[in-house]
Amino acid sequence: MSEQLGSHITTPSSHDDASKDKRPAAEVVNGSGIFIMADLHTGKPITLKCGLTLPNRLVKAATAESMAPNNTLPDEKFQNLYRHWAEGGWGMVLAGNVQVDANHICTATDLSVDHSLSDSKIVEAWRPWAAACNGNGTVTVMQLCHPGRQSPAGAGKRGLFAKSIAPSAVALQMGSGLVAKAVTALLFGTPREMSVSDIETVVSQFARSARLAAESGFAGVEVHAGHGFLLEQFLSTKSNRRTDAYGGTPAKRARIVVEVLTAIRAVVPAGFCVGLSLNSVDLQSQTELKDCVEQVKLITDAGVDFIEVSGGTFENPTMFLGPEKSRKQAQLGQPLAHEPFFLDFAKAIRPHVPGVPLIVTGGFRSCQGIEETIAGGDADLVGLARPAVVNPLLPKTTVLSPKTTEFGPEIEDGDVTLYAKKTEAPWILKQIGIRAVEVHIDNSVYHNRRHAAKQVRRASVLLQFPSRPSLSVAAVDIDNVISRLSTARPFVFIFLAITVEVNIDTDIAALLLALRPSPELYHLAAAMPPRRSDGSADHDVPDWPKTPHPTPYDILAMRKDDPYTKHRFFQLVKIYHPDRHGHTPAVHRLPHATRLERYRLIVAANDLLSNPSKRSLYDTQGVGWTGDRPPTLNESVRHAEKSWRHQPGNASRNATWEDWERWYDARDGKTRDPMYMSNGVFATLVVMMCMIGAFAQMSRAEQSGTEYLETRDQSNLAIGQQISRTTLVSAGRSKDERVDSFLRERENVAYEFTPSKYDDRTRTEA
């Protein structure tokens, strides 16, 4: 048991003195306090141009947390979330997606800089966040962004009908279908072309945001010029059609980026790290590659300490879904289909940026791929986003951990993969033609995990006792001790180093000894009474009167001369309210009808005793209390005991196809044999269905054609008769003949143009 559990523990604090002697000779301790193999290139430190030394080559890439409060400033949730990454042993953590202007943001829950707030107000909110990020000496760099035309209507403080800004008035094209075009036009519209004054304002906003980040304690900033954001919009010819000083040539399109970097360098202290996130370009287009290389040289000369290579925009989100080629490889099940998306572009620009470390982000899913990229010199650092969300302790527990430990056998690097769940959008949503919808579906699981992590302040070992939920293990420095772990959703605890399920018979002390947690970090919480969701224990549940016919005074535990208070009433409502059934185990055991009847009596007692006139009438005359009235027939049927519906094994509990399968298996005492179908039979069924559909369509077409011909013949006949009558009326005839014709026409009109004898005779004579 101890060997099995211990094999998951890689925290240095869990190794005692005896275990230190057993470490392999090739094992060393890096700057993050992690035991790594001496020849592992991923674990070697690197020094940036600014003098900042990173302990290893793993970077927690920037992510959009989308959980900022209304004031757009980080709160305790951000501290909790980034504290997990700070404990993970990352070489650098990119705290992502901070918008430099609260008027232009990507989502309503983005962190941003509200320039109506003072510097002190912003620094006061950022400083605790930076302290949490910098825990354990982790180097944290804040990513600064401006979405430009990718800011939807209503997302910022600029107003619902105010336009977003962009280098040129070029609208987003998020799909070619009518639905995609309509949705894009509604959400984003056509941006307003920026004036020179607007550009100067954006440059100053980047500079102020960087200065505030430095004052708050961050080690640096990363200027986001990728993913289709404003600065990338200036760099690209697709969105920048200007002919002034900020467009027309590669150098002019890069001018705003150079100005932003120069302005930041002017306001931050020496040694402050300034990096850049850059989009990859199509290597098949020599023109695009040539322009990009020219721009990268200008940006490098402006002074950057690293360049992060990524890719994708809102129009083509390859940063999430990967390039088209990689997606096709993944569908075919080819190996390494998800390995680095943008490594080829990094290789192409590497010779043109000597001395500038390159970070490649996107698509790394194996330790082998990471190590080969670093060892081969194709990149200096590797950025991980989704794997970092799944496991914030990834460097410490997986990538940089030694191959051989005292707890288990050697694990080959080629067998170690990084989990990153891929969630496909439903077929019907794909037909809309908006790739961003697929991205939203795919990102939902990681978004949920980030929001789960923000609830936990700190924990590295988690013990889950399904059969004894009153016990828990938690870190002593957690304010809110983690309890009742078995009732929580499983994905909440993927952020913790280990989750162990044990039996009620397991010796808790022996288990803790086997895990060997550091005594200054962990302790076993004492057995606690089960807690309700409102925070009170079960022993606080008020007793129900023992008498079979309680009075309102009995129910609310009052004497006749006591002044009325709602304290007891509130307690009982929290317990017996129909929406809270099951929150208190002691009450949950009561039949459903009994709970409802008690709740009715509680409400009736409160209504009577809280009204002085009703209470006086009840005290003197004994009227107004309905607790003893016999139930009506309708109430008897409605409140009849129906707990049998909720008994285990009852068919009424089945809600899905899987429930019915399990129910039949339990009833029959065996698993039902599945019915398999060969490929030939399946193909035959498909062909038959197609033939049936074809015959049905052919029959419908023939019937429709026949009906059309009959309708056409009837219409031609009616038109011919009308023409014949009109011709006869207009011919030269005597007065008597015209009167006679008029009378017959009137007769025909009355009888819906039924042919008269005169018409028949005329047609026959003709």
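Glycine is no exception: its Cβ is also placed from the backbone N, Cα and C atoms.
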Swiss-Prot annotation, FMN site containing Ala61, Ala62, Thr63, Ala64, Ala385, Arg386 - matching residue among Gln99, Gln143, Gln150, Gln295: Gln143
Region 'Disordered' range according to Swiss-Prot, out of 1-24, 529-552: 1-24
Inter-residue C-alpha distance, His227 (substrate binding site) and Asn654 (N-linked glycosylation site) (nearest angstrom): 46
Cα within 10 Å of His224 (substrate binding site) - qualifying recorded positions among Asn70, Gln143, Ala385, Arg386: Gln143
Other same-chain residues whose Cβ falls within 8 Å of the Cβ centroid of His224, Ala225, Gly226, His227, the recorded substrate site, in sequence order: Cys145, Gly228, Phe229, Leu231, Glu232, Ser277, Leu278, Asn279, Ser310
Residue counts (helix, strand, coil, in that order) that DSSP gives for the domain 'J' (551-622): 49 helix, 0 strand, 23 coil
Taking residues Ala61, Ala62, Thr63, Ala64, Gln143, Ala385, Arg386, which bind FMN in the record, the widest Cα spacing (Å, whole number): 17
Cα-to-Cα gap, Ala225 (substrate binding site) vs Ala62 (FMN binding site), nearest whole Å: 13
Distance from Ala385 (FMN binding site) back to Asn70 (N-linked glycosylation site), taken between C-alpha atoms, in Å: 26
